[in-house]
Amino acid sequence: MSPFVLVLGLLGLPSAHAATIAMEDQSQLQPSAGHAAVSQFQPPQESELPDNAYGKLVKEGYALFVDTKRLAPTFVGNGLNCSNCHLDQGRLANSAPLWGAYPMYPAYRKKNDKVNTFAERLQGCFQFSMNGGTPPTADSREITALSVYAYWLASKAPLGVELPGRGYPDVAQPAKGYDLSGGAQVYKGQCAVCHGPEGQGQKAGDSYVMPPLWGKDSYNWGAGMHRINTAASFIKHNMPLGKGGSLSDQQAWDVAAYVNSHERPQDPRLVDGSVEKTRVKFHANDGVNLYGQTVEGVLIGQGIR
Amino acid sequence: MMSLERVLIGSALMLLLGNAHALDGKKIFTEGGSQPGAMPCVACHGADGAGLAAAGFPRLAGLPALYVRKQLEDFRRGTRVNPVMQPLANALTDAEIDAVSQALAAMPGAVPQPIHRSEMPIGAAQKLAQQGAWERQIPACASCHGPAGTGVGDTFPPLAGQPATYLAAQLTAWQNGTRHNDPNDLMGHIAKSLTPDEVQGVAQYFASLKLEAKP
């Protein structure tokens, strides 16, 4: 942590804006060519875990991954858990499984001539998907336990080989593009029963069971899920819960656009307090997204507290 | 603008009506409805609405009013088949269904002790409940019914505190088509994917969850 951030923290100022960004490049993974139905990688079972320090750390990583909000509250600024977007405890193919990710880091990005480590990738999800302000340091207990959990899930996976089922496989944009009013229809008919008519999610006690899709408790404007193409791929493969693959590509794109036309917490990379500058620097070449654009006379991307 | 007098009369009426409803609902529960065949609920669902585990009669106390009303309408419509409850639901008037649903929701229900997602499940039934069986497209029961089976909102009923025989009977009813009343087949396709062992196991699991002492 830089001394600058430390001082701000001591003064009790909100650190979200001052936080150094661990992984500035949140642009999407290189989309992989469509995979044929090849045999799926099988991560190990929990029953196979050894009863020693390693097994304990794996379990700690598991706990953090599925119960993030409760166990790492200082690093989670919204209402989400990692497993909300990486289903089946980070095991499910086509739901950006940890076993598909771990063997692919450190990752080189030609675009900005940078190398990102696995720890930085985890920190990125904390800052953007979890809207968490300054993320846990690379050598923190949290990042260590989560990395060990991912390493274990990737047991016997080949290193540096892209496995089928990694990420959220691309769903190509339909020829007609996308339609927000069509998305509103899909949302009302297939999503609102769980995520609520206002995308607010539903709780049991004080924690979310159905996570919020927009508003102050959801992912922020810098998160990968804010891209319509990424959300469309996630939704097509994983939603409605338990009925993945049931929406048409058109429906997935329409509803992804509808969800991502709603306000959510500001992009923590905000440049000089300007949505327009932030759009030009970070969003103009980042897939399909509505950040900084005007829809029906309203500027999207103003953020929400 | 409305005159003060009218507002006052209006709210007095509302109060009266509100009271009448609450009274009605409780009375229907203990004494039955106005039409023949509308038996008192208390006979089967227990004095405090906690159900009769031995007979497999479900608890009704604390269930969301909208959920109860929907079930009674589903019995009437035949999307939920049951030889006892169908004639009974048909014998209730719309107003009686409304009133009794409100009264049941207001009765104190079972509150399960909290379960945290971070607890790693032990055994097949708990694993199904807390993690699902994704190789068959089965999400965790907890992801719709809440981590401790508390129920979520008006749509997802509680499973904790229901008799095991009742829970198993409902899963079987979906399997053989006598219950097909769930929105968008959200529950039906899951019940149909369960093996007979899983039906028994998961029903036992939710029925056995520890409940907190009633307030």
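Positions of Cβ are set from backbone N, Cα and C atoms, glycine also.
The heme c 1 binding site annotation in TrEMBL covers B:CYS41, B:CYS44, B:HIS45, B:MET85. The heme c 2 binding site annotation in TrEMBL covers B:CYS141, B:CYS144, B:HIS145, B:MET187. Residues or ranges marked as domain 'Cytochrome c' in TrEMBL: B:20-210.
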Least surrounded among the binding-site residues, given as B:HIS45, B:HIS145, when other CB atoms within 10 Å are counted: B:HIS45
Length of the line joining the Cα atoms of B:CYS41 (heme c 1 binding site) and B:HIS145 (heme c 2 binding site), in Å: 25
Near-A candidates in B:CYS41, B:CYS44, B:MET85, B:CYS144, the binding-site residues, by Cβ under 8 Å: B:CYS144
Neighbouring C-beta atoms (10 Å sphere around the C-beta of B:MET85 (heme c 1 binding site)): 17
Proximal residue to B:MET187 (heme c 2 binding site) among binding-site residues B:CYS44, B:HIS45, B:MET85 (C-alpha distance): B:MET85
Neighbourhood of B:CYS141 (heme c 2 binding site) by C-beta distance under 8 A, where only residues 6 or more apart in the same chain count: B:LEU128, B:ALA129, B:GLN130, B:GLY132, B:GLY149, B:LEU159, B:VAL202, B:PHE206
DSSP three-state assignment (helix, strand or coil) for B:HIS45 (heme c 1 binding site): helix
Neighbours of B:CYS141, B:CYS144, B:HIS145, B:MET187 excl. site residues, C-beta within 8 Å of centre, heme c 2: B:PRO139, B:ALA142, B:SER143, B:PHE156, B:LEU159, B:LEU186, B:ILE190
